[in-house]
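Peer 1: Have a look at this one.
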Amino acid sequence: MSNRPSTARPNSASPRRPNTPGRPSSARPGSGRTRASPRGGSAGGKRFSKEPQHNAEEGYVRIYLRGRPVTNYLPSDVEDYDLNAKHPAPTEKLKLDWVYGYRGRDCRCNLYLLPTGEIIYFMAAVVVLYNVEEQNQRHYTGHNDDVKSIAVHPDSVTIATGQVAGHDPDEGKPHVRIWNSITMETLHVLGLGFFDRAVCALSFSKVNVGVHLAAVDESNEHVLSVWDWKKEKKLSDTKSSQDPVLACEYHPMNDEQIITLGKGHIHFWNTTGGKLVKKSGIFEKYDKPKFVLSLAFTGNGDVITGDSNGNMYIWGKGNTRISQAILGAHEGGIFSLCVMNDGQILSGGGKDKKVILWTADYQQSEVTQVTEATGPVRTLCKGKGEDFYVGTTRNAILSGNMGGEFNTLVQAHTEELWGLALHPTQGLFLTCGYDKNVIMWDFEQHKPMWNKLMEDGCQSAGFHPSGAVVAIGMTSGRWVALDVESQDLITVHTDGKEQHDIIRYSPDGNFLAVASHDNYIYIYSVTEEGRKYSKVGKCSGHSSFVTHIDWSADSTKLQSNSGDYELLFWDAATCKQIVISKETRDVEWATFTGVLGYPVCGIWPEGSDGTDVNTTARSANGNLLASGDDFGKINLFRYPVNHPKADCTSFKGHSSHVTSVAFNGDSTKLISTGGRDMSCMQWSVV
């Protein structure tokens, strides 16, 4: 089961969805904010199905979200509007170009080097094959939710990946997908209806050319199962442990032995006769660790383990007793072990962040260390020659060797991600998250240009039209403006005590609107190219938190959406509400990022509860609208989406709620961010 929020805006609460039981609310601790109850709502939380209405005399279309009416006035030049007209999907598609990030925070044993020169790992619902030398990525997108485990077949081509319970009606239960890493073709799907919550560990057998696959799920008993994967047949299964299981590996010299380890245990399983028979490792005179964290196999078949006490134990081949101990090998846990091609052993520490090279007879040879910024070692993977790769707990991948500094190949946010802004004139975009990190990325190089750590978690971002200044909205009620080139603070302001969901400059750069979770929109006058700010006032009228804002092309008006499905309009200079909505029907909006209004009234699928769609973006050429939903999908519409239940084309990759989408200036690329999946994805419009 994926530990994710119901995918409303943070600090809001909404009914749980029937296909994803047990997902916690996305409200932040301490927040009293909830999405307002709809008028006429039922205590049972049933979805409403009132049909859309068109009033030709008044010139509006009315849709209903959880029973609440949302009135959308048609532009005055729209004639002969047909409510039931078909709205076809666009001919354009999205092609996934790049996935920013790696899931190291809470997964392990998930980084391998393939003979193609690609490193393989996963982020969100995508398995990434990254060729570092050629600087390109390929992607396996067969999963519909978080990938949690991976195994590479002895043929180095066939891959097994396991996922959590997901959204798909047919393949939404936890399962394993077997696929070809050359063609990206799915070969087999295992365990639909068998696994519980998630598949957390996988291993192919070695000696018999990988005929069998072992898997462990995240049920209360952490069931271990063995499969003939080509026949999609389960051969045996047993309850493994009531405590967490962190790894599962076939012995490379004995296909009748599987080793599992985790909290307080290491188990040696014998598969002879089609049954799984367990023998527990005996620690005897040595301290039993709280966690056995990692294992590797030597050339002679011995098993090496690393534990939470920082000790390395050697278990003789075919034995369940410790034959040798290296006590205090690390200060703190040993998160990963890796046997190099020459028989030497790498160990990676958590607390001490050290990578230590040991000789084949377990003498310490060399020591190096990863930085605080990239985080402790999560997993180690041997590369070519003396080189190796390091996956870290801060979602980074490094490359290097014992003799030099590490090169950061992959970087990502480490907590929930909402903030996204595209540079107005350059091929750059900026993301900011609850991890307090603000990162400027390069579209072409796919790497950070700079990274700045803030004092508070970050919620939103927006560039000044000059591109020289960027405003960041915080989760604390503060907002700041940064110099893009130097990253120096230009100004710091506090408005209220709640997060600022949206922050956006007017097209002429003379105003800044800060939309807050306290129901207000704060307006500032901006001068000196974004370097001086004077408060104009605040827009007061919403009865729930503000979720989206857009400026008019002439920088005089604002439109805003709220958590209780209000669509309001404002005069920017006076902060007064424009109460006669018909007066805004012909306003040209510089951007369209809201989820309410005539141009987007068709984005809501049948049975929507009003929180299903989190974000939209109109392309710069005005031909397309992208939306991001609760189910990890990006939906591409023909703009304007002015007919209810419009057709769209959907694209998957994210596993959590899609929190932001944005097109670049020439409408050829789109950037999307995931909430709890912490990922950022770059797409081409084709």
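Each position is counted from 1, following the chain as shown.
Each residue, glycine too, has its Cβ placed from N, Cα and C.
According to Swiss-Prot, the protein has these features:
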type	residues	note
COMPBIAS	1-14	compositional bias 'Polar residues'
REGION	1-53	region 'Disordered'
REPEAT	142-189	repeat 'WD 1'
REPEAT	194-237	repeat 'WD 2'
REPEAT	240-279	repeat 'WD 3'
REPEAT	287-325	repeat 'WD 4'
REPEAT	329-368	repeat 'WD 5'
REPEAT	412-451	repeat 'WD 6'
REPEAT	495-534	repeat 'WD 7'
REPEAT	541-580	repeat 'WD 8'
REPEAT	608-647	repeat 'WD 9'
REPEAT	653-685	repeat 'WD 10'
Peer 1: What parts of the chain pack near the repeat 'WD 7' (495-534), using Cβ distances under 8 Å and only residues at least 6 beyond its ends?
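Peer 2: Distal contacts: 9-11, 28, 31, 33, 418, 457, 459-466, 468-469, 471-477, 479, 481, 540, 542-551, 553-555, 558, 560, 562, 570, 572, 575, 590-591.
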Peer 1: How about long-range neighbours of the repeat 'WD 6' (412-451): same chain, 6 or more residues beyond its ends, C-beta under 8 Å?
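Peer 2: Residues 10, 98, 100-102, 105, 123, 135, 373, 375, 394-396, 457-463, 465-467, 470, 472-473, 475, 482, 484, 487, 501, 659-665, 669, 671, 673-676, 678-680, 682.
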Peer 1: In the predicted model, what is the mean pLDDT computed over the repeat 'WD 3' (240-279)?
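Peer 2: It averages 97.
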Peer 1: State, in range form, which of 142-189, 329-368, 608-647 has the highest count of Cβ pairs under 8 Å to the repeat 'WD 10' (653-685).
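Peer 2: Between the stretches 142-189, 329-368, 608-647, 608-647 has the largest tally.
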Peer 1: Tally the residues of the repeat 'WD 4' (287-325) by DSSP class, grouping H, G and I as helix, E and B as strand, and everything else as coil.
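Peer 2: Counting residues by DSSP class gives 0 helix, 21 strand, 18 coil.
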Peer 1: If you count every Cβ pair below 8 Å, which range out of 142-189, 329-368, 608-647 shares the most with the repeat 'WD 8' (541-580)?
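Peer 2: Between the candidates 142-189, 329-368, 608-647, the best contact partner of the repeat 'WD 8' (541-580) is 608-647.
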Peer 1: Going by DSSP, how much of the repeat 'WD 7' (495-534) is helix, how much is strand and how much is coil, in residues?
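Peer 2: Result for the repeat 'WD 7' (495-534), in helix, strand, coil order: 0 helix, 22 strand, 18 coil.
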Peer 1: Within the same chain, where does the repeat 'WD 9' (608-647) have neighbours whose Cβ lies under 8 angstroms from its own Cβ atoms, ignoring anything closer than 6 residues to its ends? I mean 6 or more beyond.
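Peer 2: Long-range Cβ neighbours of the repeat 'WD 9' (608-647): 6-9, 12, 14-15, 17, 35, 38, 47, 52, 61, 63, 65-66, 68, 74, 78, 82-90, 92-94, 124-125, 144-145, 167, 548, 565, 591-595, 598-602, 653-667, 670, 672, 674, 677, 683, 685.
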